[in-house]
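These features come from Swiss-Prot:
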- MET39, GLY187: substrate binding site (BINDING)
- ARG115, THR160: ATP binding site (BINDING)
Amino acid sequence: MTSLKLLKEKAPLVICITNDVVKNFTANGLVALGASPAMSEFPADLEDLLKYAGGLLINIGTLTDENWKLYQAALKIAEKYNVPAVLDPVACGAGEYRKKVADDLINNYKLAAIRGNAGEIASLVGIDVASKGVDSAGVDNIDEIALAANEKFNIPIVVTGEVDAIAVNGEVVMIHNGSAMMPKVIGTGCLLGAVVASFIGLEKGQELKSLKTAVLVYNIAGEIAEKRPNGHLPGTFKVEFINALYEITDEDVKEFKRVK
C-alpha cells in the first residue's frame, strides 16, 4: 500500500502545536489530505491527546517563554508514547533566542524529523547563507545543508526551497516539484511541517519513503492548484491548494514527480 493510501486509511491524529498565524490553514490542509488535526495548546490536554496520536508537530513561529515550556512538555510526553515528533524551527537563524530554543529541542528531546528552509537548517549547523526572518534566498548547496544536518543530528531532514532536499541516513533525495505561488501564501511551509508529521509515523523504518511522499504530494498539489483558473492569484491559489490536497491521487504523484 502506498503512503498516501495508508494515510487516508489510518487518518492519523496529528497534534499541531504551531504558530498563531497558520493554525486555520494548517488544520484545513490536514483535513483535506486525510489526517485528523488537533490544535490544542492546553498543557493538561497533552497526555490525553498524545497517547492516541500518530504524529506531533512543534512549530516555533510565535515563540514565547510559555510556549517553550509547552514544546518541552509535549516532546517529553510524545517520547513516552513513541509518537514521532517533527520540529519546524521557524526563523531560528534570525536571532539568538530562537536558535537557543531550537538547539534545546533538538539536543534534549527525541525528534523524528526536522523541516525548515535552507536558511533555518543552515543556521542549525553553522553554514552561512542569506536568510531574512522566515524566508531564505535561493541556495545552490541545499543538498549539502541537508546532509550536514542529517549527519550532525542523526535525524531525518527536510530542507525546502526552489528545490527541496530530503536527507535520511546519509542519503539525499532532491525534489524538483513545487509552485512559485507557494511563497506568496503565508503558512505553506508551516503546513508542510504538519504534513510531514502526518506521514512520518505511518511505516516504521521507512522514513525516506514517507518523507518523499509527503513532499511530493504537497508540491504536486501546489502545481495542480496553480494551473487551475486564476491559480496565479494568491487568494485563489490558497483555496485551490486545499482542494488539490483533497483530490490528489497516487496516479498524480507517479505522473508528475520529479525526483533526483
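Glycine residues also receive a Cβ, built from the backbone N, Cα and C atoms like all the rest.
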For ARG115 (ATP binding site): DSSP state (helix, strand, coil): strand
Other CB atoms within 10 A, centred on ARG115 (ATP binding site): 31
Count of other CB atoms lying within 10 Å of the CB belonging to GLY187 (substrate binding site): 20
DSSP three-state assignment for THR160 (ATP binding site): strand
Cβ-Cβ distance under 8 Å to THR160 (ATP binding site), same chain, at least six residues away: ARG115, GLY116, ASN117, ALA118, GLY189, LEU192, VAL215
Number of Cβ atoms other than its own within 10 Å, given for MET39 (substrate binding site): 16
